[in-house]
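Enquirer: Sharing a structure below in structure tokens format, with a few things to ask.
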Amino acid sequence: MIDRMNPRPFDPVAALPPHTTVLEAGAGTGKTYTIAALTAQALARGQVTIERVMLVTFARAASYELRSRVHERLRNTATAIDATLAGIPPTDPDAVDADLCAGEADVLTARLARLRAALADFDRATIATTHEFCARLLDQLGILVDHDRFSSFLDDPDQLRAQVIDDGYLAWMSSGRPPLPLPGAQLIGEMSLSHPDLPLLDAPAGASPDAVSRVEFATNLRREFEARKRSSSVYGYHDMVQRVLMALTDPVTGELAARVLAARYDLVMVDEFQDTSPAQWQILEHAFHGRTRLVVIGDPRQAIYGFRGADLYAYLAATRRADDYFTLNRNYRSDAGVVQGITALFGQANLGTEAARVALGDMHAQHVEPRLAGASPKQAAVQIRAVEPQSMLTAPAGRKAIMADLVAEFDRLLNRAEVNDGEHWRHLRPSDIAVLVRRRATGQEIQRALIAAGIPAVFTGGEGVFASSAAQAWLVLLSALADPRPSVLLHLASTPLIGWSPRELADADEDQRTELVTGVRALQATMHDHGVAAVYEELSARYRLPPRLLAQPDGERMLTDLRHLAERLNSAERRHHLDLPALTAWLAQRIDQARTSQDDDSVRRLETERRAVSIMTIHKAKGLQFPVVALPDLADRYSGSRYDRGWTTSMLHVDGQLSIDLYTDMSSDREAIKQAEEQAEDLRLVYVAATRAQSRLIAWWANTKFNTSTSPLHRLLNADKDSALPPALNIAGGRHPDQWPLDRQVVDVVSVPRPSGIASVPRSADLVAGLAARKFHDHIDRDWTRTSYSGLTAGLHGESLPPGSVSPRDDEPDLDGILADPGEVDGPVSPSALQPNGLAELPGGTQFGSLVHSVLEITDPASSSLDSDLLEASARMLRRWPVAQVPAQGLATGLASVLRAPLGDLTNGRSLTDLGAVNRLAELEFEMPLGRASRHRAVSDLAGLWADRALVPEDDPLVDYGAALAGSAAADRTLSGFLTGSIDAVLRVAPAGHAGAADSATAQFCLIDYKTNRIPVRPGDHLGPHSYTRRAMTDAMIGAHYPLQALIYSVALHRYLGQRLPGYSPAIHLGGVGYLFVRGMTDDPSAGDRLPGVFLWHPRPALVAAASSVLAGGDPRDSQ
């Protein structure tokens, strides 16, 4: 029987239990480190293989970090074992590495082989967010789950939800039922549809008939919301979770569904489990508990996402069901003084409710000595700064007093304190300090106060970049480029992009308006020719954006946002191939989404690179750490009365189940439950904020009339430290700061006088130095550019493309102007002898090329329902890439023939269907540096490689290309900057006779590129497989300069494998190149070994290595 209140310390070296384990990880105890170490240990000992590992965490950014940390750990542990085998054991290994490096040589060799295999196949591990985790389970359950896999995921259901609420309200009001006020109906709709899995509580006893109808209205909305999603073939996050759960709890097939999922994984670890929902825990329980190794890791003291539906009770339920319950109780983040001070502040306080107790628990600090000096005469690491409480203040007066003291205290610290950064002692910098706030408005006020006092500060906890005024300015600009009406142009002129003031707008004469129109027309041409990135550059130059904006208050912020949005728009334009109307719609949609949510990648960038104080919300700070942490508003909380707020809906627990209450405004009992749960979460917010501090924690308190009594800090300061009950919810008045029950050895209480205002304070010499103009002594490399194969060969195909343009499908020139003479048919085959695939007759153009690429990218060639998959994908992609006279069925039929066509010795006779998506990495994007600071090469140096018969032998099909490239206009182009591109697909090819997923250690990796070009035919002939002869394709390759593209892509693959594949050897692992001219490919068996439409090239590894050296600015002989 495990003791939930006293979990055992966890030993990372001990064998991982084979059942369900809860690992309670306090703040700063190294959760990610532990997950990575456990994964490495299980893999090295052969308990699991990498493809049978699933690691789940809460947010997308966290999953990226977890993936990186696990990969780094596997690599480092493998290096340590390898060094041990070589007789050079690591000097200071951690406990896990020390254990894995101990043993006989054959044992260590086996562990090293397992880790290298895991690194080689690392991409087969499942490391995902909670929602990605559910999406994978949906795919794996197949017919055992009620889910249409052809339906579309709805990332943002706000618009559909709003439509359902509006329509439902109109239907309700016209039905003769008890009327509902519109604001109340919207509250009901938002709450009940945002959390559709939570039950609705009935009306309290004595409620009026009008009130009782609230549940009926909410139920109707849920039913209609579900029906509309089904009819529209869309689903959202909640739908994924609920459908998986329904499949696992089905009375007939649930057990089978659970066995299917459990059989897929040998190790499942879920991080941030305190933020899970009841449904997510039920999924884990039904699928994995008692069936496989399940480890859930979390900290109930950091459960602060109740407003999102996260349920602390789900975590506690897991602890009751677990077979083992351990704790990580060594803090590697904070100094001992901080740990002791936080312990003294919280004492035995319950951070949960009476029904769900959460205690602070024992914690031990790794850092015994303080890493901050000169901060306080008493040297206590935790300090409470209390504004003198002679009389109660108003809330604004209390905030003003705290803000003034915060500015003065920061100045004192920055002038006197030193910090040990792990290498040496140095002066404390502004960037060592963080201010954590509950309210964004407080953070913005503090930022202004600090900047006014001469202390640089940035606020990073605000809205995303798509919710900024800069996003609105970009939307006006794109709208003006699409539709330059006078009213839109004047609106554009008033934005920061153009910068007309209201007076200038009103007084603009005809010449000024004409100049505006001329400028917008020039931007239209730039947008058409070069894209949105070039538009921003032209705007910056034409309208002096940097100097004009930086001269304005908050100009750094605006300029940073405008540039950030330019990059996001450029990325969307390239990645999704958006034209101007589509790009405008994309931005409008993101702005609309930003009103209610914020994606990881929309977070605003810092507006300055100066070392500055970081100000952010407590939720944003979770997972971060700073030498000094300031908490200015934890004694500032207004709760008011339930009678102040009108209609109130809430989530609260009744009988241990999280439910939705639509009647909190009518029930004092439910109001009390809600207040207890909200204020328990407030205490956990204090814990999260306090545990961000490494060496110094400062919190402020002021006695205000209405905002102090229910605040979490006030409740803690006045609470009995030996009581295991939750601190009282409302402590009116409370004790004088001198009587707070705190251990004054580890917590300082400092009296703060009430100031008259915030004054600018003198800065220390190291913060404000004398200003002097810096002289520029460097050299500007005017050849530096960001380009691609298309940029390097621009203008060689009879079309003028700007260097650096990177449109994904600008690499398929019209071959009619390139090939002088149609090729001969290979062998005695008549034009009608081979069955055409139907693509030859379809229209051409870049839009058609994008269409074909997108269908092939999203289709699994090995699917048992390939034909129907291709038809569905073709229909869907035709909506994105509409091409006249291209029927979905005809496109799907032609591409099916492409996927089933054999690829010769490139794949040991296999087709793409034989290989499947499991052996294909689609759309591998790369960005390679070109040249060195002191030396650049030119395209002519690449052309020169073809003259070396050791690199390109006489029988190479592309032996003549070097001369063609050397004689072209591209030969003189300098290779300086960055080279970018996207490989259509990399194939992992197993030796002949091997089926299924190939072993990366023994496989060859080849690349393929799909081409939709037509081969010229003789008059009277028709295009078909017979047209794509070896000679015709060779001429097409050389005429279109595809060998240069193939060589560049081979270099990219060579470098990628060198970084990702342990033991990589080009001679073993680097395969050939296949250019697939899809209009000529056929799966007709009568084609034999002629392979129409398939051009194969096997560049020697030495050629690829030499080209890599040239692109890096080196000598090709360096590669030998």
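Every residue, even glycine, has its Cβ placed from backbone N, Cα and C.
Unlike curated entries, TrEMBL annotations are predicted automatically.
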Enquirer: For the Mg(2+) site that TrEMBL assigns to HIS853, ASP1009, which of ASP867, ASP869, ASP984 is also named?
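Expert: Record source TrEMBL; matching candidate: ASP984.
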Enquirer: TrEMBL lists coiled coil for one of the ranges 134-161, 190-217, 330-357, 666-693; which is that range?
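Expert: Range annotated as coiled coil by TrEMBL: 666-693.
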Enquirer: Hey, how far is GLY28 (ATP binding site) from HIS853 (Mg(2+) binding site), Cα to Cα, in Å?
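Expert: So the Cα of HIS853 (Mg(2+) binding site) lies 47 Å away from that of GLY28 (ATP binding site).
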Enquirer: Express the distance between the Cα positions of ALA25 (ATP binding site) and HIS853 (Mg(2+) binding site) as a whole number of Å.
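Expert: Rounded to the nearest whole number, the Cα-Cα distance is 46 Å.
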Enquirer: Considering only the binding-site residues HIS853, ASP984, ASP1009, which residue has the minimal Cα-Cα separation from LYS31 (ATP binding site)?
Expert: ASP984
Enquirer: For THR29 (ATP binding site), what is the tally of other C-beta atoms lying within 10 angstroms of its C-beta?
Expert: 23
Enquirer: Average pLDDT across the domain 'UvrD-like helicase C-terminal' (353-623)?
Expert: 85
Enquirer: Roughly how many Å separate the Cα of GLY26 (ATP binding site) from that of ASP984 (Mg(2+) binding site), to the nearest whole number?
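Expert: Per the Cα atoms, GLY26 (ATP binding site) and ASP984 (Mg(2+) binding site) stand 45 Å apart.
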Enquirer: Could you state the whole-number distance in Å separating the C-alpha atoms of ASP984 (Mg(2+) binding site) and THR29 (ATP binding site)?
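Expert: Between the alpha carbons of ASP984 (Mg(2+) binding site) and THR29 (ATP binding site) there are 43 Å.
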Enquirer: Measuring Cα to Cα, how many Å separate THR32 (ATP binding site) from HIS853 (Mg(2+) binding site)?
Expert: 38
Enquirer: Compute the centroid of the Cβ atoms of ALA25, GLY26, ALA27, GLY28, THR29, GLY30, LYS31, THR32, then list the same-chain residues not in that set whose Cβ lies within 8 Å of it, in sequence order, for the ATP site.
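Expert: Once ALA25, GLY26, ALA27, GLY28, THR29, GLY30, LYS31, THR32 are set aside, the remaining close residues are THR34, ASP299, LEU328, ASN331, TYR332, ARG333.
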